[in-house]
Amino acid sequence: MISVDHLTKRYGAFTALDDVSFEARPGRVTGFLGPNGAGKTTAMRVIAGLTPAGGGSATVLGRPYATLPNPGRHVGLLLDASAQHAGRTGREVLTLAAVLTGVDRRRVDEMVDLVGLTSKEANRRVRNYSLGMRQRLGIAHALLADPEVLVLDEPANGLDPAGIRWMRDLLRGFASRGGTVLLSSHLLNEIERVADDIVVIGNGRVVAQGTTEELLAGSGTVVRSTDDATLRRALEVAAVGVSPVATGGLLVEADPEAVGRVALRAGVVLRELRSGDERGLEEMFLDLTATSAREGVAA
Amino acid sequence: MSTTTPDTRSDASAVLVGEHGGRLPAPIPGERPTSGTSFGRLVHVELRKMLDTRAGRWLLIALGVVIAGALTILFVQQGGDHPFGTYLQATTMPMAILLPVVGIMAVTSEWSQRTALVTFTLEARRTRVAWAKVVAALLVGVAAVVFSFALGAAAHAAAIGLRGAEGDWTFTWTALLGAAGYVLLGLLQGLGFGMLLRNTPAAIVLYYVLPTGWSILGSLWSQAEKAGQWLDMNRTMEPLFSGSLTGEQWAQLATSVGVWVALPLTVGMWWITRAEVK
């Protein structure tokens, strides 16, 4: 469980976080979505107690992170995969964490194996790791002490498609056991596929949040027919919001069943009828963040 | 384990197959800890971190080479006929000169390598981490002094046995304590500079340039020469080796330690507890 409550953080005139509130609940994967520089990393650093909050508060498992006893045993963090000493071996990095958190050192080898690093790779220095290997090491580090909560900043960066799929399964499995997962990404498809809840952030502000289903449902239905003009009139008569799609067809603010019924009554033959899921959320994401992203550059 | 099957690709007992087919880490049995990380474990980790990097290893290797070189020269020169005190100096001096770098890097590498991100999330009480570094550095210093004493004794004994040198084991315990103090204060000064500057090259350069700076300043300006008697640690620590300090020398030592060790440590720790870790 992570609770972020009216969090604000300013750097001089720049507002990195502006009244950010959200929750990441146990048993669910919460996706933290936003373009680069939107404030995802800052919010995660405040949650982890690395950056002092300007206003508001963030708690993990009901208390500020800094007051958790032996925090590694409660919360697994991967904030930056490259923040490891280049001159240490991957195994040594994990061993240090095992000693510090008081976890059986045998778990080091188990985590190395779990994240798909070979024993030979684990004995190499982090300097020689690819970004994908660093991410895997970071995930091993986060999971090492069997935490209840995972906070991962852009963990899919540098992973190949198979690696991304592996991680998705891992996070889903972790949540299905009752764990809390908060992961950030600037890639919509990645979040959409793994998250139960989504928090969209742009320019330091939460611009949308809800369950993935809710956010997807809001995106309406895409319909193509042999006579779009007639169908459009019929839909407008039915008092449903409708707009043409540039690539042909109509975007309707109703579920596919309602659109189908209108088409049946109007006697229009449908060629395509689907919920506007991915396109819809993507457009929402672009809409919601494009302005803030531009403003972010100017700020 | 009733809803999961052991993974066939691995004999690791702690890896399970979750319902989605992905492998999951096994839970650690027992309650989650309600008490914080013990200071002993923090010191253990900090000690290990000082020695487990490539930079740390090379520093120790360099130290070994310098000491071996110094002992070899003594061993060959004048038939190895030197008192134990000289051998002791040959093993202690290189440590006193090089070990402060261990103290510097124990702090600065956290920032240059950005491991502070991990360090301060696994132990959020940052002052405890800083003190663990201090204790770990002191342990390294004590071990180094004990080792240099043993090595110096072995070299002197070897010179007597193999080169027929005349045995001269006279040394004063106060001199040994003084040498130990020299090594430990150097380490602490390194830590302090590291905490204050958090930048490896800057801290190392400042640490090694400072004594030269004093002598240059002192030769140019008599006021600086006077101040140096109280503030130049190279000079205030010198009497430690002879093993006896006058009251004024103690005061001078304390003043310089206050300025170059206590002050940087205090300010550095204050900063660490408040800093934003990036």
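Cβ coordinates come from backbone N, Cα and C, glycine included.
Copied over from TrEMBL, here are the features:
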type	residues	note
TRANSMEM	B:58-76	transmembrane segment
TRANSMEM	B:88-108	transmembrane segment
TRANSMEM	B:129-151	transmembrane segment
TRANSMEM	B:171-197	transmembrane segment
TRANSMEM	B:204-224	transmembrane segment
TRANSMEM	B:250-272	transmembrane segment
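Contact counts against the transmembrane segment (B:88-108), taken as Cβ pairs under 8 Å, peak for B:171-197 among the stretches B:58-76, B:129-151, B:171-197, B:204-224, B:250-272. Listed stretches B:171-197, B:204-224, B:250-272 were compared with the transmembrane segment (B:129-151); the greatest number of C-beta pairs under 8 angstroms is found for B:171-197. Counting same-chain residues at least six beyond the ends of the transmembrane segment (B:204-224), those with a Cβ under 8 angstroms from any Cβ of the stretch are 100-101, 104, 189-190, 193, 197, 231-235, 260.
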